[in-house]
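Student: So TrEMBL has the following annotated:
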BINDING   GLY122, THR123, ASN124, GLY125, LYS126, THR127, THR128  ATP binding site
BINDING   ARG400, ASP424, ASN425, PRO426, ARG427, GLY475, GLU479  meso-2,6-diaminopimelate binding site
COMPBIAS  510-519  compositional bias 'Basic residues'
COMPBIAS  520-531  compositional bias 'Basic and acidic residues'
DOMAIN    29-107  domain 'Mur ligase N-terminal catalytic'
DOMAIN    120-312  domain 'Mur ligase central'
DOMAIN    360-477  domain 'Mur ligase C-terminal'
MOD_RES   LYS231  N6-carboxylysine
REGION    505-531  region 'Disordered'
MOTIF     424-427  motif 'Meso-diaminopimelate recognition motif'
Amino acid sequence: MMNIADLLHIIHPLQTNGHFDGKPGKLVLDSRHVKKDDVFIALRGTRSDGHHFISEAIRRGAAVIIAEHIPDEHSKTPHHDTDAENGPLYIQVADTRHIAGELAQAFAGYPARRLKMTGITGTNGKTTVSTLVYQVLQTLGYNTGLLGTVETRIGDRVMESHLTTPDPVSLAGTLKKMVSKDTAFAVMEVSSHALEQQRVGGIRFDVGAFTNLSRDHLDYHRDMDAYVEAKQRLFLSLDSDAIAVINRDDPSAHKVIEECQARIWDFGFENNKDFRILDESPEGMVLDLDGTIVSTPLAGRYNAYNVAQAYLICLALGCTKGSVASALGEARGAAGRLERVKPEGYDDDDLTPAVLESAPSVFVDYAHTPDALENVLQALTAVRTEGVTLHVVFGCGGDRDTTKRPEMGQIADQYADVITLTSDNPRTEDPDAIIRDIRQGIVRGDRLYIQPDRRKAIRSAVLDADTSTVVLVAGKGHETYQEVHGRRRKFDDRKVAGKAIAEWIERRDSKKRRQKQRNGRNDNESKKEVR
């Protein structure tokens, strides 16, 4: 149980004001959740400042206030339900974000210290790599936790994720639950926002991994240099006995690991004899990973990097080469990443090769950056056979970096035979304005369709396809909502596409039935004439 002396020892205050000699309750970041004797820490955010809600926290019973400055109205006589001599206690610090993570871990009993912690950062690939590592460790019999964009897992229990990396208090709480369930390993995605906002403060990672870096989140970070510096924070935090697993083929790799004290395990497929793609098909790849042969069901060159990184992370965590290679052969990675859509109403047992080959191939992918879109389009282009048409359906998110929109249009124009521009998560922006931005990068005048309604766009693309068409629905992947006018409504690309494929099959079968009936009538007419 945390006491005031422990708290003061952790945060080294600039000054204190007031007094509280009781046992502090929980550490709270949101004034609306404060209860009697809780500790409220005021954090500055991009949209709001916790210092503006100190009065609300006190009204709700906060016993301790941690802030960068004490508001004038609270600097002399604190206003509190209890007497002035017993709360609230004001603690002034230089930077509340800097101490929030450490404090959250302390209040939770330092759960991260009882777990083997892996943190994975990068623009693309975080979710796939972290999920692969989780799947391998679970297969090998280790009780493992996963925190990421798609979901949070504690062993076999699955919970929806709302942020790639949670706030410090939520994160500490989740890690504490993992410890209570005898979890051995925790694998987590660490976003640039989380690193910039120091959400993972107080956590000592045993393994840190860098996937790649490309243009994204420039609406938040000032420029690419600031984006790189945010990613670098993870590796500056690693101790000398930690291991950093680095994709050396990425141009930013050298910058990311500058001044990193950890042992560096790097890998790459460019001009390299140790890491090679031996075979590639729509069904997956065969890789040579530094002498270990790995067969994976994941397709696409970018997934070779994901599999290689997951392999090395598992080795860094103490697993053997052969066991990891075997487990990777079954690991399918994350939902919504180049995921083939099943027709609605079909189970896995129903999806025979004959069924799959007799309908359009439809994939969904989370690709929402130029680099990710190019990767997935390259992957589909590399494995498609002659005569196959590639149709991409995508949009760009609203209230986000606008400079990537024409670039994504240019990439679609380069690789796809047919393009349908639609809405992604327009948020508060006009969908038509976003589409106009994307069109600036598209040169073609034909085989380009505009349909802002995403449901209609997906349905039309599937119903207009034939068996020689591959449809890629990009941008949202695993997401089960669409954010329009600032409000989220239920929407799942996989369900919309699955329903459209089932409709396509029903139309085809209905056409065959009608043709069969016509043929039967013609046969009867012919027999009558013969008589």
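Using N, Cα and C of the backbone, Cβ positions are placed for all residues, glycine too.
Give me the structural setting of these features: burial, nearby parts and distances.
Tutor: According to its DSSP assignment, LYS126 (ATP binding site) is helical. Within 10 Å of the Cβ of LYS126 (ATP binding site) there are 26 other Cβ atoms, across all protein chains.
Following the DSSP three-state reduction, the secondary structure of GLY475 (meso-2,6-diaminopimelate binding site) is coil. With a 10 A radius on its CB, GLY475 (meso-2,6-diaminopimelate binding site) counts 27 other CB atoms from all the protein chains.
Mapped onto DSSP classes, the domain 'Mur ligase N-terminal catalytic' (29-107) shows 31 helix, 13 strand, 35 coil.
Within the model, the domain 'Mur ligase central' (120-312) carries an average pLDDT of 93.
Sequence-distant contacts of LYS231 (N6-carboxylysine), defined by Cβ-Cβ distance under 8 angstroms and a gap of at least six in the same chain, are THR121, GLY122, SER192, LEU195, PHE210, LEU213, SER252, VAL256. In the three-state DSSP scheme, LYS231 (N6-carboxylysine) falls into the helix class.
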Student: May I ask for the residues of the chain that lie six or more residues beyond the motif 'Meso-diaminopimelate recognition motif' (424-427) and have a Cβ under 8 Å from a Cβ within it?
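Tutor: Counting only partners 6 or more residues beyond its ends, the motif 'Meso-diaminopimelate recognition motif' (424-427) has Cβ contacts under 8 Å with 368, 394-400, 434, 454, 475-476, 479, 482-486.
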Student: May I ask for the distance between ARG400 (meso-2,6-diaminopimelate binding site) and THR128 (ATP binding site), taken between their Cα atoms and rounded to an integer number of Å?
Tutor: 23
Student: Using Cα coordinates, what distance in whole Å links GLY125 (ATP binding site) and GLU479 (meso-2,6-diaminopimelate binding site)?
Tutor: 16
Student: At a 10 A cut-off on CB-CB distances, which of the binding-site residues THR123, ASN124, THR128, ASN425 has the highest count?
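Tutor: The residue with the densest Cβ neighbourhood is THR128.
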Student: Using the Cβ center of ARG400, ASP424, ASN425, PRO426, ARG427, GLY475, GLU479 as the meso-2,6-diaminopimelate site position, which other residues in that chain lie within 8 Å, going by their Cβ?
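Tutor: The answer, listed by sequence position, is HIS368, GLY395, CYS396, GLY397, GLY398, SER423, LYS476, GLN482, GLU483.
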